[in-house]
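Asks: Sharing the record's features from TrEMBL:
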- H288: active site, proton donor/acceptor (ACT_SITE)
- C304: active site, nucleophile (ACT_SITE)
- 195-328: domain 'L,D-TPase catalytic' (DOMAIN)
- 1-23: signal peptide (SIGNAL)
Amino acid sequence: MKALLATALLAGATLAAPATAQAAPVDRNILHVQVILDSLGFGPGVLDGKGGQSLTAALKGFQEAKGLPRTGKPDAATLQALYPYRAKRPTARFVLTREALAGPYYNPLPKDYGEQAKLPSLGYATPMEKLAEMFHTQPEVLIALNSPTTRLRVGDTIVVPNALPASRAYDPKLPDHWRQTLNMLNVDANQPVGDHIVVDKSDKVLRVLDKDDRLIAQFSATMGSEHDPLPLGTWKIYGADYNPKFHYNPALFWDAKKGDEKEMLPPGPNGPVGVVWLDLSKEHYGIHGTPHPELIGRTESHGCIRLTNWDVARLAQMVKPGTKAVFQA
């Protein structure tokens, strides 16, 4: 698989091919609510200006944290509670940099793990996909906020969902490559300290609570399946593997293809576990990212807890080795 260097794309790449149909308009009022919730740590999933289960769950989490009825709707009381954060606008203007457009890119990324294992990394397919993940959204939203013919060139300006953080002063003790990932994903350097987490199967969310059992953050999650149910009980987070490699062992996957062999997959945001693996005391289980943020809470997993890359990166800054993790139905 040949890596497409960003320098070969900058002169002619656009947000979409000319033949692409115009994307549906983005509801800026809904987007504004999503952006504020995202900045406060109540992840609504993809910032797309649309309602749905992820936004409903995020609103319920915010309402619980504020002592409001958990309606899951942007009702009058909730809008009043969101009002102090209105200065966080729904969109921002972003000047494209060489760093933001840098690859390497792999398009298409092979689906076969044996082929993926031959690559140096499991990066993004296109600059468009990378930009979408940077701003916690999807390519079609960027198209709608700009136009299908908007050029992706260093120095040009595009409109993006306002996922920009207040601080990028990351802990210098963190590995340099991880600080770069946090910066790329627009994860704020200032995060609350979580005392324990609760993964709730019925609500499809991961909650972060402080030592007084107050909800301080919540993220939509994919968890378990009929074949690999969520391991209910109390566990501990052993530690974090930033930008991890992935050990593929077909013996651990009921749906592995006949003839599959063990593989060591390189790191990358489009790898099976995304940008971070939070190892659990339950053997073979962890909390990790995903190459498909739009599917969080809508698909099944092999028993692990899956978040968007930007949410799991944020969670990794809230917890530490020894943090209690309660999995409940």
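For all residues, glycine too, the Cβ spot is worked out from N, Cα and C.
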Asks: Please report the Cα separation of H288 (active site, proton donor/acceptor) and C304 (active site, nucleophile) in Å, rounded to an integer.
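Replies: Taking the Cα atoms only, H288 (active site, proton donor/acceptor) lies 8 Å from C304 (active site, nucleophile).
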Asks: With DSSP, how much of the domain 'L,D-TPase catalytic' (195-328) is helix, how much strand and how much coil, in residues?
Replies: 14 helix, 49 strand, 71 coil
Asks: Where does the mean pLDDT land for the domain 'L,D-TPase catalytic' (195-328)?
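Replies: Averaged over the domain 'L,D-TPase catalytic' (195-328), the predicted model reaches a pLDDT of 91.
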Asks: Please give me the CB contact count at 10 A for H288 (active site, proton donor/acceptor), counting all chains in the structure.
Replies: 25
Asks: Tally every other Cβ atom lying within 10 Å of the Cβ atom of the residue listed as 'active site, nucleophile'.
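Replies: Its Cβ has 23 other Cβ atoms within 10 Å.
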